[in-house]
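Peer 1: Dumping the structure here so I can ask a few things about it.
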Amino acid sequence: MMDWTDRHCRAFHRVLSRRALLYTEMVTANAVIFGDRERLLGFSPAEHTLAVQLGGSDPAALAKAAAICAEWGYDEINLNVGCPSDRVQGGNFGACLMRDPALVAACVAAMKAAVALPVTVKCRIGVDEQDPEIALDALADGVLAAGADALIVHARKAWLEGLSPKENRDIPPLDYDRVHRLKARLPGVPVSLNGGIATLEAATAQLAHVDGVMLGRAAYQQPELLLRVDSLFFREQDPHADAFAAVVAFEPYVAAHLATGGRLHDITRHMLGLFTGRPGARAYRRHLATEGVKPEAGLDVLRAAVDEVRRAEERRALVA
Ligand SMILES: Cc1cc2nc3c(=O)[nH]c(=O)nc-3n(C[C@H](O)[C@H](O)[C@H](O)COP(=O)(O)O)c2cc1C
């Protein structure tokens, strides 16, 4: 998620689930080709299985960018056909490409020819005045004929005229049934659903209709829910008994970042949502927000923040 997630966030989420497929935020094809690749594409091996999401609409540039990402070791290339921001529309990519399935198909075909990795597409059900029954099928059929390996559908329209990107994530109504119908029509194609899924119970209910569920904001804002993903969806043991154990397991990553001159806050800003809803969560966040941002902040600050939750839970246990 642009401006929210980065490699540190993914490294943290990987500690919480070994099996969830992680995605980068969107990176434009031109940024990959001309930009600072270490900053844009660098990741730690622990983050696998990891998809990179590309933005663009020039098949040749996307093919080149996909080949570069394959060299960097990504496991999947995903094309963004869902982002509604002005910045993105100006470049003719993101959600406005829902209007041009043939161009998206050409992009997918070019990327497929350039890499041996799965190439997937994330799209909306339509934009503006489009009829989702027609628009989604047209996009899906085009990219599948071009070789796309899977689809992820954000189950609402994007209104490119008049709504901000943030409003476009909340205001157009969710239409899960439309995604279910797509999957029913394409039984052999992996289809994942995205949009408004806030709990693992809601994700489980969706899996009766689709093959996968993508969590955006909920995973970022309440990462603790990822701790049960492996047992619920992959029938494997969860990596950690609780969030306390997960933080301890994450400490070596944090220490390594600090040792190279990185700031604690680079990482802990992605951890503020941990412990949400528990006693002490506010004190935890406050400690990280005040002490964690100091240039000299170290692991002790993270530990002290976590202790706020531990102490609050102990107090509650004593009262009970
Ligand atoms: C801050 C922010 C940045 C986002 N950036 C991206 C992005 O780079 N690529 C993308 O496909 N979706 C992006 N999204 C959209 C989410 O991936 C997701 O489709 C949307 O939030 C709906 O799912 P959710 O209700 O689970 O969050 C972003 C969302 C937010 C809140």
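Quick reminder: no glycine exception, Cβ is built from N, Cα and C everywhere.
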Peer 1: Among His13, His154, His240, His257, which residue does TrEMBL annotate as binding FMN at the site that also has Gln53, Lys122, Asn194, Gly195, Gly196, Gly216, Arg217?
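Peer 2: Checking His13, His154, His240, His257 against TrEMBL: the FMN site match is His154.
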Peer 1: Helix, strand or coil by DSSP: which one applies to Gly216 (FMN binding site)?
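Peer 2: DSSP call for Gly216 (FMN binding site): coil, neither helix nor strand.
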Peer 1: For the FMN binding site, please report the maximum Cα-Cα distance among Gln53, Lys122, His154, Asn194, Gly195, Gly196, Gly216, Arg217 in Å.
Peer 2: 20
Peer 1: Can you figure out which of Arg169, Gly196, Arg282 (the recorded positions) comes closest in space to Cys83 (active site, proton donor), comparing Cα atoms?
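Peer 2: Its closest listed neighbour, by Cα, is Arg169.
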Peer 1: Taking just the CA atoms, what is the gap between Gly216 (FMN binding site) and Arg169 (site 'Interacts with tRNA') in Å?
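Peer 2: Counting only the Cα atoms, the answer is 10 Å.
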Peer 1: Neighbour count, 10 Å Cβ-Cβ cut-off, for Lys166 (site 'Interacts with tRNA'): what number do you get?
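Peer 2: Within a 10 Å radius of the Cβ of Lys166 (site 'Interacts with tRNA') lie 10 other Cβ atoms.
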